[in-house]
Amino acid sequence: MFTEADALERDLADPGHRELFHVPPAEGGRYAETAYLAGNSLGLQPRATRGDLLDDLDAWARLGVEGHLDAARPWLPYHEFLTGTAARLVGALPQETVVMNSLTVNLHLLMVSFYRPTGTRTKIVIEDTAFPSDSYAVRSQARFHGLDPDATVVRLDPADVLSYLAHEGHEVALVLLGGVNYLTGELMDIPAITRAGHEAGALVGWDLAHAAGNVPLELHEWGPDFAAWCSYKYLNAGPGALGGVFVHERHLGDPAVQRFEGWWSTEPATRFEMTPVSRPPATADAWQISNPPIYAMGPVRTSLEIFDRAGMAALRARSTRLTGYLETLLDELPITVVTPRDPARRGSQLSLRVGGGSAHELARRLRFEFGVITDAREPDIVRAAPVPLYCTYHDCWRLADALAHVIEEVR
Ligand SMILES: *Cc1c(COP(=O)(O)O)cnc(C)c1O
């Protein structure tokens, strides 16, 4: 039943938007293109990115400094061209959203505002499988406040977060979890954990690196205090692309909320009055500091517009079908999927546990012998994400077919 012909038929019946992307050529195997299943790590390049970027670059050549106001997409308000699409992507109000900096920098800037340890309420809750960068970030925040990171940062199994908050929540200043876990691909119950954190009197932030562009989000309605994400994974804006930030409406314009400021934190209309005191707007733009890198912002704009046109609901529906199909194929093989089986508790990514510490060897063979791109993560996980914008049923079939050939050899 799960033949190659069947996969190709499914692609005809349920196409994505592959034509909008550059798919890298395969480095091995019998197909011209890679089966690219690493969009959870670095998304593919939209075909429109190069032309859009060159237009912005040409404006500088033609206009010099006058491009700030006179470019077709003027640089002064450039970040605002990304706000609407970014806000729709994460279910936020436009005033709650801004694209700026990179993810971990933004987490720090947001913790300046929302990690304010006082008295016995000092703890930061993260997940025990947190991405290391997030762990480093919160530990350094604890030290910055003169606290012992080992005593301040509480690492929990995600399944234990709700009961911990119910019993020990009075000591928690901040809950900061990944919306979709980078290693297991598990989608957290963001609304429930947010509610429980708030009931415990804590503030709640989400790292949406693996969630933005992967699963539908309703940040305004779910009510976390803040969130941050990057744009180079599911969002296809290129290596090191700028991140996005959400600050809930309830904190906007609140003078009690601390922020670090620069000239981009102030009301644009007053920016050039050259006064010594800023007048921040009651929007997430107030968290900006510097004038933004236009040529890093352009690819985010191009990519967000693709998401806006495709629609997150339609992408989620295709993602559920594609990932479910891949799961069915993998179930035929001697391999363990550690990602939750319930489609409501995951996004595109399936994480496969490979015995014998051979995950890197497996990913290498898949790439060079079969033209299938996955990635390996310590200690024993291979991640594969059939992302709905550009992956195909045939990509999924190729992964399963390749695994069937090599899995016994690398175990
Ligand atoms: C990808 C990722 C990061 C990367 O942080 P950068 O600041 O963009 O380098 C951080 N946290 C999580 C959870 C990630 O998945």
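Each Cβ is built from the backbone N, Cα and C atoms, and glycine gets one as well.
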According to TrEMBL, which candidate in Trp60, Trp263 joins Leu103, Thr104, Phe131, Pro132, Ser133, Asp134, Asp207, His210, Tyr232, Asn291 at the pyridoxal 5'-phosphate site: Trp263
By Cα geometry, the one of the binding-site residues (Leu103, Ser133, Asn291) nearest Lys233 (N6-(pyridoxal phosphate)lysine) is Leu103
Running a distance check here. Ligand 1 versus the binding-site residues Phe131, Ser133, Asp207, Tyr232, Asn291: which have CB less than 6 Å from one of its atoms? Phe131, Ser133, Asp207
Neighbour tally for Leu103 (pyridoxal 5'-phosphate binding site), based on other Cβ positions within 10 Å of its Cβ: 26
